[in-house]
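Participant: Look at Swiss-Prot and you will find Ser73, Glu85, Phe86, Asp87, Lys290, Ser304, Tyr305, Ala306, Leu307, Lys308 tagged as ATP binding site. Marked as Mg(2+) binding site by Swiss-Prot: Glu85, Asp87, Asp212. Sequence annotations record features per position, and here Swiss-Prot assigns GTP binding site to Asp212. Residues or ranges marked as Mn(2+) binding site by Swiss-Prot on the basis of similarity to another entry: Glu316.
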Amino acid sequence: MSLSRSLDLTQEDYAVQDAILQYISSNFVSLKPPDVKFFKRHLENVTKVLIQMMRKEDNLFNLIFQKERVAGSFWDKLKIGHPIEFDKNFVLTLPPALYKNIKFTPASPSYVTVNVQNGLKIVKSSKCRTYRPDWFDDNGNILSDKLRFWMESVVNKALATLPPLPNKKYQLEIEGTCYEIGTRKSGPAVTVEVNIDSSGSTYLGITQFCIDLVPAFEFQTKDWPHHIRQCPADTQDKTWNLVPKPLKPEENTADGNIPARLQWRLSFHNQESYIIHNLNHFKAVLKLLKKLRDVKFDQYKMSSYALKTVFMLEKERQNNDFWRRPLSSTFLHMLTVLTEWYGKGKIPFYWDKQHNLLGKLSKDQIKQVYCTLQKINNRIYEGLQSKCESKCDHFIIASTLLDSEELLKIKKDIIVDRSGNKPLAKRQRCS
């Protein structure tokens, strides 16, 4: 059942809900421009200096580091709340001979092994300065864990040149601004935690942020793995990446008992950014559902990437006009679609349908989320379907997206013309 089609709402009904959702987006979801400007400036300052330090302290990094690539929800304009989490890929290059006759073999779903046996013979004989014997096994497979550990060591080695602080962090000063910096492990990334000393600044918001630095190898379209969905033909930037995302034992389902340390995660941020761009309400609705997730669930049970994948899969089923429908209509439809995926117990990875993004959850956890989503759907339906003005709850969708304090604010700030169920008006305040 599609909830948005089952509701018998007029254009005015949708206009009321659209106005409410637009208010929610502006006040409780969208990033504030001053915050974005503040954190982007400090992000670029810290990243630039950190790269310089890493180049200076590690000769191999200096030789193989190519560029930084943005990744993640902030750069796709899908971040909600505060811009305090950033993702950057540090693109590294292999010795040129290794790119010839490189072989990608399917492993666990969304993972491959990378074999460079043929090129390795040339590299060994040429005494290549960027060759690291410990990055390869005896069969010429590149070891993902070695790259991950190496990247962590380079970051920590660079930070160790800074003045130490009592809390196992370091002090970095850039153009008169002091930063307190530390690191922690996070999947394939080295997470750099930054605390800004904002004394003397007029900025009064949050002053902590973090950067997930992910080492990545970049490849061209000619190397695109054949066993997955192919690259969109009209994507301008067709380069793609492999990242050393670690596999948990229960996630390693590769045939032939391929060790986790040989497996590399496929990553297609460039292509995904293209797929979701310029689609009217696509991003607005996705961010509203992320807001619902933050209020009702936790990120472990409903990851941001799983939500994004649900939307990319739905884009395959809909034409572009679908995303031009009223904001509330699209929201209700996608809420139902999300519910249906949890009902199936599977959200397939967009590029490799064999990978279930809900696979890390137990059946009971999936059922729990599904039942909660069903209750939310039913509650919204019951709140909106009544044509009796006294019974219709105009704030029913808002009540599922907001916490109690936010809901109180929206009810104070805006009113509904109940005489004709007209769009909202700003509540007048006495001066």
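Each residue, glycine too, has its Cβ placed from N, Cα and C.
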Participant: Let me know the largest Cα to Cα distance in Å among the ATP-binding residues Ser73, Glu85, Phe86, Asp87, Lys290, Ser304, Tyr305, Ala306, Leu307, Lys308, as an integer.
Facilitator: 18
Participant: Using a 10 Å radius around its CB, how many other CB atoms surround Tyr305 (ATP binding site)?
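Facilitator: I get 15 for this one.
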Participant: Please work out the number of neighbouring Cβ atoms within 10 Å of the Cβ of Phe86 (ATP binding site), leaving out its own Cβ.
Facilitator: 25
Participant: What subset of the binding-site residues Ser73, Lys290, Leu307 lies within 10 angstroms of Glu85 (Mg(2+) binding site), using C-alpha positions?
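Facilitator: For Glu85 (Mg(2+) binding site), the binding-site residues whose Cα atoms are within 10 Å come to Ser73.
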Participant: Quick one: which residues besides Glu85, Asp87, Asp212 have a Cβ within 8 Å of the Mg(2+) site's Cβ centroid, in sequence order?
Facilitator: Ala71, Gly72, Phe74, Phe86, Lys88, Ala189, Thr191, Cys210, Ile211
Participant: For Ser73 (ATP binding site), what is the secondary structure state per DSSP, taken as helix, strand or coil?
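Facilitator: Once the DSSP labels are grouped into three classes, Ser73 (ATP binding site) ends up as coil.
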Participant: Can you tell me which of the binding-site residues Ser73, Lys290, Glu316 is spatially closest to Asp212 (Mg(2+) binding site)? Compare CA atoms only.
Facilitator: Ser73
